[in-house]
Amino acid sequence: MDSDPSPPSSPSRETRLAQSWRSHPNFIVLTVAIGQFSDFFLFGMRVPLLPYLIRAHLPSVPESAVQSRVATLLASFSVALLVVAVPAGWVADFRAWRGRLYLVGLGALFWATVTFYTSRSFGMMVGSRVLNGGSAAVLYAAGWSMVADAVRGEDLGKAFGVIRSIVAVGDLVGPPLGGIIFARWGFDGILNVSLMVLAVDLVLRCLMVERPRDVKGKLNDRDGFVDYGTMESPHSSPALSKPPRFRNPLPILSCLSDTQLVVALFLGFIQYVILGSYDSTLSMEASSQFGLSPDAVGAIFLGLAIPVLVFAPIAGWAVDRYGPRRIATIGYGCFVPALAGMVVPALLSAGRSSSRLPVFFGFLVLQGVCVALVSTPGVVKAKQAVERAVQANPARFGPRGAMGQMFGLNTLVSSSGLLIGNYWSATLRAAYGYWFLSLSLAALCVVGAVMAWTFFSDPEDKKTACPSSVV
């Protein structure tokens, strides 16, 4: 009689560890959130210091040319981000490369940070900003894709909300904290703080074990979640399951015929136009209208950051529970009075600044709540649309799907909004005043609320996003 087969060997301690907290979805979300916080925080810290850095490290540059040098440094980051975003998303769809891609982006961010603060050549500064923009695009595409694979569809909005809240805090508090650190410890202090933040990011990334997709993933009736690597269309045939002779290298472009995806991207554009306006005008408006010190200006930014930190995860949960359509409509609808209310401090200009400051700050806090509400619905709806498209036609997208491409495209649109928001808001404020800028942003939010309610479907609507013909 044959002996019983030997029992399988128990997994090693390292394997058990990798299967527990290191690959847990919550730890992956935390790691990606800290990584994106680092990038936004470091970017925000250096923006107010660009003129001082140019004067200190490039003394031969005349004062009249400092502003143009600052504009060039800002533009070089944005252009690199725009150029690299979609290719980085395409590479992120190769799951075997994704972890290495993230480490490459983090290493490039380390190098860009060091060279930016130590270079004595304007060309080197520009090169470091280009490298910084490219690394940011890589980190966004790889990080968001990791989260999309690790988190269940019914929890995706909450996960995105947590990441958005932490990222928004880094973006909003970076400028005032950078000013405070620079005033006390100079550029050496800024560099040391930057390296410490990046070191934490690196440790977390080395600890994280990327979670493989659940091979039992299936379409969820409520939110359209699908594991696009293992599912076939209900209507697919053996012919469609075979790879075609020619496949579009960027199949995400075929999904731009879907109105819901286009509207989701447009809502992200509006959101970052508004965030760009805060970066370029809020500090100047607070200091010129109320005569605030740098520390007090930092408190003004906290009026935006704290509501985002508190309410973004709640808004993400609401997106999971009630769907992106309702939350996006409510968020952009509430943005309208919150932004239009900035007219009130201007009407009270005859009074003392101390009496107008609480009104200004109160409307700013309301805007922070609105930022939290609109931070998640668009990206969740975009992900749902692409997943349904991949399910409908797996042969077109192949085993890799198109999630990285979607996040790359979203990064491209969002960074365009940030760039346009910076220049547009500064121009309107200089020409017509801050109240006029706020009214124009309110009008843009009216468009966003109407488009979200009109074109987004409810969660139970499982309409296929893209045509099912093979390209």
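Residue numbering: from 1, along the chain as shown.
Backbone N, Cα and C atoms are what each Cβ position is placed from, and that goes for glycine too.
Per TrEMBL, the features are as follows:
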DOMAIN    28-460  domain 'Major facilitator superfamily (MFS) profile'
TRANSMEM  27-50  transmembrane segment
TRANSMEM  70-92  transmembrane segment
TRANSMEM  99-118  transmembrane segment
TRANSMEM  130-151  transmembrane segment
TRANSMEM  163-183  transmembrane segment
TRANSMEM  189-208  transmembrane segment
TRANSMEM  250-276  transmembrane segment
TRANSMEM  296-318  transmembrane segment
TRANSMEM  330-348  transmembrane segment
TRANSMEM  360-380  transmembrane segment
TRANSMEM  432-456  transmembrane segment
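Remark: the transmembrane segment (163-183) contacts the transmembrane segment (360-380), by the rule of 3 or more CB pairs under 8 A. Here the transmembrane segment (330-348) has long-range neighbours at 267, 270, 274, 289, 315, 355-357, 359-360, 363, 366-367, 369-370, 372-374, 377, 433-435, 438-439, 441-442, 445-446, 448-449, 452, meaning same-chain residues at least 6 beyond its ends whose C-beta is under 8 angstroms from one of its own.
Only pairs six or more apart in sequence are counted, and the transmembrane segment (250-276) with the transmembrane segment (360-380) gives three or more Cβ pairs under 8 Å, enough to call it a contact. In this chain, the transmembrane segment (432-456) lies out of contact with the transmembrane segment (27-50); the count of Cβ pairs under 8 Å, excluding pairs fewer than 6 apart in sequence, is fewer than 3. Under 8 Å from some Cβ of the transmembrane segment (432-456) lie the Cβ atoms of residues 259-260, 263-264, 266-267, 270, 273-274, 277, 281, 285, 289, 323-325, 328-329, 331-333, 335-337, 339-343, 345-346, 374, 377, 381, 425, all in the same chain and six or more residues away from its ends.
Computed over the domain 'Major facilitator superfamily (MFS) profile' (28-460), the whole-number mean pLDDT of the model equals 81.
Sequence-distant contacts of the transmembrane segment (70-92) (same chain, six or more residues past either end, CB-CB distance under 8 Å): 43, 47, 50-51, 54, 98, 101, 105, 125-126, 129-134, 136-138, 140-142, 145, 249-250, 252, 403-409, 411-412, 415-416, 418-419, 422. With a cut-off of 8 Å between Cβ atoms, the residues of this chain six or more beyond the transmembrane segment (189-208) that come close are 22-23, 27-28, 30-31, 34-35, 38, 41-42, 45-46, 49, 102-103, 106, 109-110, 113-114, 117-118, 178, 181-182.
Within its own chain, the transmembrane segment (360-380) has Cβ neighbours under 8 Å at 144, 156-157, 160-161, 164-165, 168, 264-265, 267-268, 270-271, 274-275, 286, 289-290, 300, 303-308, 310-312, 314-316, 319, 324-325, 327-328, 330-332, 334-335, 337-339, 341-342, 344-345, 410, 448, 452, 456, counting only residues six or more beyond its boundaries.
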